[in-house]
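Visitor: Dumping the structure here so I can ask a few things about it.
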Amino acid sequence: MPVRRGHVAPQNTFLGTIIRKFEGQNKKFIIANARVQNCAIIYCNDGFCEMTGFSRPDVMQKPCTCDFLHGPETKRHDIAQIAQALLGSEERKVEVTYYHKNGSTFICNTHIIPVKNQEGVAMMFIINFEYVTDEDNAASPERVNPILPVKSVNRKLFGFKFPGLRVLTYRKQSLPQEDPDVVVIDSSKHSDDSVAMKHFKSPTKESCSPSEADDTKALIQPSQCSPLVNISGPLDHSSPKRQWDRLYPDMLQSSSQLTHSRSRESLCSIRRASSVHDIEGFNVHPKNIFRDRHASEDNGRNVKGPFNHIKSSLLGSTSDSNLNKYSTINKIPQLTLNFSDVKTEKKNTSPPSSDKTIIAPKVKERTHNVTEKVTQVLSLGADVLPEYKLQTPRINKFTILHYSPFKAVWDWLILLLVIYTAIFTPYSAAFLLNDREEQKRRECGYSCSPLNVVDLIVDIMFIIDILINFRTTYVNQNEEVVSDPAKIAVHYFKGWFLIDMVAAIPFDLLIFGSGSDETTTLIGLLKTARLLRLVRVARKLDRYSEYGAAVLMLLMCIFALIAHWLACIWYAIGNVERPYLTDKIGWLDSLGTQIGKRYNDSDSSSGPSIKDKYVTALYFTFSSLTSVGFGNVSPNTNSEKIFSICVMLIGSLMYASIFGNVSAIIQRLYSGTARYHMQMLRVKEFIRFHQIPNPLRQRLEEYFQHAWTYTNGIDMNMVLKGFPECLQADICLHLNQTLLQNCKAFRGASKGCLRALAMKFKTTHAPPGDTLVHCGDVLTALYFLSRGSIEILKDDIVVAILGKNDIFGEMVHLYAKPGKSNADVRALTYCDLHKIQREDLLEVLDMYPEFSDHFLTNLELTFNLRHESAKSQSINDSEGDTCKLRRRRLSFESEGDKDFSKENSANDADDSTDTIRRYQSSKKHFEEKKSRSSSFISSIDDEQKPLFLGTVDSTPRMVKASRHHGEEAAPPSGRIHTDKRSHSCKDITDTHSWEREHARAQPEECSPSGLQRAAWGISETESDLTYGEVEQRLDLLQEQLNRLESQMTTDIQAILQLLQKQTTVVPPAYSMVTAGAEYQRPILRLLRTSHPRASIKTDRSFSPSSQCPEFLDLEKSKLKSKESLSSGKRLNTASEDNLTSLLKQDSDASSELDPRQRKSYLHPIRHPSLPDSSLSTVGILGLHRHVSDPGLPGK
């Protein structure tokens, strides 16, 4: 496998560093973006939420001035000081009275700390909140103090804050060249609306040292300590557009002022502004209207008083630094912070303050590192305020990266030295350290033996390696590269230091010159401690065992090395035993006899040579390891035989495990490596085939390598497929237990519900800079961040930074369709995310309705990614889907009804010539039909109420609302046609939209009860309905519509039969109206009761030709209306024309009647769907027109 490099990609560790430093000291802080409007809050820690009572979703995107914490007791001066600190991007500490969410007050020190990037631009603000006790408040009367070191000497305090003032003691008439931004603002004119505090005292001789007085005089004027300064306009030179004096003449009479601070830093109202623009922020009169900085024309030329000197000095400065600062003002990006006015009678509103523009200026020469003041106040480390950017891991000086080329070369060198040690240490201990060699070494010294010199060099190299290990980085458990020398030393001491130290001790130097007889044995035993270096080889086997050829070579070398060690031991046994044997039967004596070099006790140099001894011993061990031996070199003594038995056992194990299973060993050791290389090869082929550019190619390879290291090449889905579902659920529950336990939305869920949820979760790993969600992507999942930090960007502007346990996505239960993302989500560090698909989550919630309500109530998204414009569109889309579903499921086609209508149309066409002559005879029946119609509608109202319980219908609600208010409710009712061929989806949508508008217009009078809302499927809020409830209500609606369809078919046939058999002449206005599709049964009941048999029998002699002309005309047009159903627009136009002509005839005929009869005659003929429908037609709102009914006029 490759070298474990750790997290070496550039990461934005800003959030992690801040949390690590602040959380350890129980800090309460928020982070705001200085480059967006209102300096919106993009992060708040848990301590701030506990202190204020607000949750993180409530605080996100709020202005960093914390207007939601303000109240009547919050002083406007404190708010202005905070705003001024934000305006000038300066550090400041303000004591402010805030309000909890429950309304209680608390006092805390608000510490504003700007965070700047490498260019010195204020990118963010860290605002820390500290509780102020009564003792602290009494001991510290200063309410507004810049952050200073904790010193008691006033001299040092003043000098630390204003180093530029020291220069003024020598240059009285000009501003310091280093910092031209120091300005003096004071005014003796106080107003009640001024933000300045009236209790600040002017400096006196007792409170100011001589140098301080000189500094003060140099800034404000030699003879004055508090001159009157009139500012006729804001001092900005951004965009000369209009004259401030012309727009706001009253501003000339009000001076901007800052009263004296009790602090030594603000003597004579001296404060440091980041630019001359900041003088504008001192005027906080609540009635003055501040304009944007781009609206200024005078460029500060109308400044009066000492500002003339300051302005001229600044504008006339020739210093490059001054001109650079002055020129950057025009390039300042603008941010607006709106401070709302307070109403004293309301408790939770903000104190009054002016609307002004707050801009975080770009001050290049200000240090962006941590100042001494911040570290002393917060007692934090040097990296408390890291730069907000991608930062590579910090490597200390003289620290070696563990994956650097130098370290790789050094490791190979040490490996060769270890191999040398493993070979020559046993050889020298067994063969070379005898009496003859020892005598020679005593005579000529240590340098006579070249092998000893090499051993000395090896020992020195091992000692150097120990020193290098103390400066070599390592990867911790969090996959982070550790470069701190102290941590490296601790890690090395706990690991391999002891082994390396023992192996590096030069024992032969320590015992050199002792001259004892035990020297040889002792040196031989101690030098074998160098074999501990072989542990390094075992430690690095995984690094060098990536290829199969290397494994084979390594196995061969291990086998040969073991044979070498055994040969040394075999010689040592024979050499030690030979002097004590009476019969020379040892293998050395046998070897001397075989080769003709016998041992002579009187001659120490007799016997076989060292070469003969070593080769023979090595031959014996190899033959014993690979087989049972050939017998030419045989063990004779008991010790030799016992050793031979051990060698045979070792040989059988090694032969069987290594040589007999080489292929199996390779497959077992390199199965993951083979998969890694196969996948890597696919990635490289993909890159080469599609010609991926180099930066993107590098990102692909780095991500693949890191993902492989993170998962170790394990495919979780493939592993889980081999287990039963019960074990899969348990494994998933274990993998996601941290999320399910820490997230509040999942608390209280049953074991089965948690197992079902765990099965749906997927874990995603993202490296730094990877974009998880792009703007405009469809939000198909809900994300839970378990490790790392991410940033959310809108138009490349950071709007939020999310950390551990944050949730982002959309509220899936509120919308029928997934929305689109309104921002980009990018990883700042290596992140682990748990995501669940939208459909999977809704499915689990549908299976566990008891958990659904708890989950939807406690689910709080830290950031909602759904696009705002998609919310209203999703409502219409869901209604459209409902209409399509109804149109697909419902069918009002009736073949028998069509045939029946065709026959009636044919019969009525024959009598069309007599319709006009008989029209006048039908007028006297209108009053009678009108009374019948009123009773008909009342009966429908009485019988409709119990029917609609448990169904989803909007008609009763519309009728009831119209009846109460007398509004023109006919259009929505008239639009809903109960055509048997189609059900207009657009009309249903219009009806729902009319209901929503009507409900908003009359929320109290016409709002139905909770039971009626539940019956109609209209919830109080959109989040009350779950997916399962909607499906259940749709099923009930489908059953009701099917039942109504069958009733409608039967009733329409009965109505048509009765209309042709009736003897009374039916007026045209009532023959055109039939019951709607929602409810049809009361019509038949009414018609049966409203036409007595007596009247039918009496008037049975009337022929069809005696009916009203309009009725016959409409009956004749029935067939044509069915044929022209596809052209609805043309049919409606023709119907309106015929109806208009009938109305004209009716008005001519009714001219002979008295006004009372004319009024009763004209009312029923007006149709509710006409634009000029009067309010008297509300009574027939419950009835709907059929396009194919015989009452519709047509050509």
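Just so it is clear, glycine is given a Cβ too, placed from its N, Cα and C backbone atoms.
As the structure is a computational prediction, the values presented were derived from the model and not from experiment.
The following feature annotations were taken from Swiss-Prot:
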- 976-987: compositional bias 'Basic and acidic residues' (COMPBIAS)
- 41-70: domain 'PAS' (DOMAIN)
- 92-144: domain 'PAC' (DOMAIN)
- Ser174: phosphoserine (MOD_RES)
- Ser238: phosphoserine (MOD_RES)
- Ser319: phosphoserine (MOD_RES)
- Ser891: phosphoserine (MOD_RES)
- Ser894: phosphoserine (MOD_RES)
- 745-845: region 'cNMP-binding domain' (REGION)
- 627-632: motif 'Selectivity filter' (MOTIF)
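I'd like these features described in context: how deep, what's nearby, how far apart.
Guide: For the domain 'PAS' (41-70), the predicted model reports an average pLDDT of 90.
Below 8 angstroms of C-beta separation, residues 594, 620, 644, 648, 651 of the same chain, each at least six residues beyond the ends of the motif 'Selectivity filter' (627-632), sit close to that stretch.
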Visitor: If you run through the domain 'PAS' (41-70) with DSSP, how many residues end up as helix, strand and coil?
Guide: 14 helix, 5 strand, 11 coil
Visitor: In the region 'cNMP-binding domain' (745-845), how many residues does DSSP put in helix, strand and coil?
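Guide: Once the DSSP states are binned, the region 'cNMP-binding domain' (745-845) shows 23 helix, 43 strand, 35 coil.
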Visitor: Using DSSP, tally how many residues of the motif 'Selectivity filter' (627-632) sit in helix, strand and coil.
Guide: 0 helix, 0 strand, 6 coil
